[in-house]
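Visitor: Right, I'll just put the structure down here and ask away after.
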Amino acid sequence: MGPPSAPPCRMCIPWKEVLLTASLLTFWNPPTTAQLTIESRPFNVAEGKEVLLLAHNLPQNTLGFSWYKGERVDAKRLIVAYVMETQQTTPGPAHSGRETVYSNASLLIQNVTQNDTGSYTLQAIKEDLVNEEATGWFWVYPELPKPYITSNNSNPVEDKDAVNFTCEPDIHSTTYLWWVNNQSLLVSPRLQLSNGNRTLTLLSVKRNDAGAYECEIQNPVSANLSDPVILNVLYGPDVPIISPSNSNYRPGENLNLSCHAASNPPAQYSWFVNGTFQQSTQELFIANITVNNSGSYMCQAHNSATGLNRTTVMMITVSGSAPGLSAVATVSIMIGVLARVALL
């Protein structure tokens, strides 16, 4: 009974065509001294798929052949025996019901498991009773599941906390890779890979470490990528900056100061004038200022997550004439006032 059709694949030849080609070569080629060899197609096999152990250079005077599990001929590990003249097959102790043998000595194993990994030996029995043997190998790998990331801290504080990411599950013979913001992991003294690259440690996190972290697992037959885990680094506030930087004003102008400090989460702001609390806003506005508004203006930025405060002080000086009045205009006004007083 023939095996079911294999699913189509790119860049590969269906096993039926391989068997036909091998059979034609065996039939048409003249006797040769080439050595009997075994080719595994494919060499790396996905669990649940099939593998063909293709025999090359089968001797012309072969009476029959036998397949064994392992690297030597062992009756206890016989898979199947085949007689050329009668085309009779006899299963052995190691036959699992998933093996199919062909007249060209090739062996098809379907629905492979990881226990099938290893070596297989073909023994060709010749008319001169000088038997030939050849051994082939293949490896079975699991179809990898979608990995996931566990973390000890997804909201670390800058320059204070360390973060451990672990890629799960732990699978034998699997390669683990890390991606940060869709880029491969950059080498840094603060980054440590351990546990076969399954664990990524960020020592003393920085704000630039924030972003999306993904892990990828690979083996020779499959690959899979985890969902991203977002690292939110808490930092700041940095020293606030008060703008505009102008510190000299004239009476009658409007004072409009804005305070900003880099912070995550965003900072909360408070204003103090000459040491007295004014308001809790990011901007401070005073209309029509006078010389009495001169003094120290302090902005305090507070981060509720890190518990840190930072302050900046700007000295504001209000002096001179009201805007829009030149010195000549000011003198003219004073003369006019004095003239009215004299008339009275």
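The backbone N, Cα and C atoms fix where each Cβ goes, and this holds for glycine too.
Per TrEMBL, the features are:
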type: DOMAIN; residues: 145-226; note: domain 'Ig-like'
type: DOMAIN; residues: 237-315; note: domain 'Ig-like'
type: SIGNAL; residues: 1-34; note: signal peptide
Visitor: What does the DSSP secondary structure composition of the domain 'Ig-like' (237-315) look like, as residue counts for helix, strand and coil?
Guide: 3 helix, 41 strand, 35 coil
Visitor: What are the DSSP helix/strand/coil residue counts across the domain 'Ig-like' (145-226)?
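Guide: So the counts come to 3 helix, 40 strand, 39 coil.
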